[in-house]
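Undergrad: So Swiss-Prot says this about it:
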- His30: active site (ACT_SITE)
- Cys108: active site (ACT_SITE)
- 5-149: domain 'PPPDE' (DOMAIN)
Amino acid sequence: MGANQLVVLNVYDMYWMNEYTSSIGIGVFHSGIEVYGREFAYGGHPYPFSGIFEISPGNASELGETFKFKEAVVLGSTDFLEDDIEKIVEELGKEYKGNAYHLMHKNCNHFSSALSEILCGKEIPRWINRLAYFSSCIPFLQSCLPKEWLTPAALQSSVSQELQDELEEAEDAAASSAMASAAAGARTGRHTKL
């Protein structure tokens, strides 16, 4: 074991989602665990490998434009060495695969809490994952949210459908434009003998 290192929970406001959920008194937050000057977090993707990633601590811009840093919460300290933490994160990656992500049942806050419990024996504050907690108590709440928020597969399906629709619209517009050009060319290119 090594020197005591602070274990910090970095919390980010997901304000695009909060526009919908704040009306029912629930905030939606992303979180990551900072230790040794590195921040580990979990997110979804449609593939069966680890969804754990690393960002610069507190840097919301690395998460995307819809995230805003909210606060840092000191959870405790750990004696694990940095190499040990890398191994722990790698092991957690077997459980926290990208395609296992679910907003209510296995999200970034569940990961942060699991890592925090290993590193310093403490869960994250309950208010950070309140939406998931309420969803387990009030199952219909999940049905009120857009399905593409819940899993990466649903999001990918939604995005794929939107892209397909846009592609079809572009093809239709191009075909209409080509037909209009051909019709205009046919009218202006007509010569009559007198």
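Including glycine, each Cβ sits where the backbone N, Cα and C put it.
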Undergrad: Return only the integer: C-alpha distance in Å from Cys108 (active site) to His30 (active site).
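TA: Between the alpha carbons of Cys108 (active site) and His30 (active site) there are 6 Å.
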Undergrad: Could you give me the DSSP helix, strand and coil counts for the domain 'PPPDE' (5-149)?
TA: 62 helix, 40 strand, 43 coil
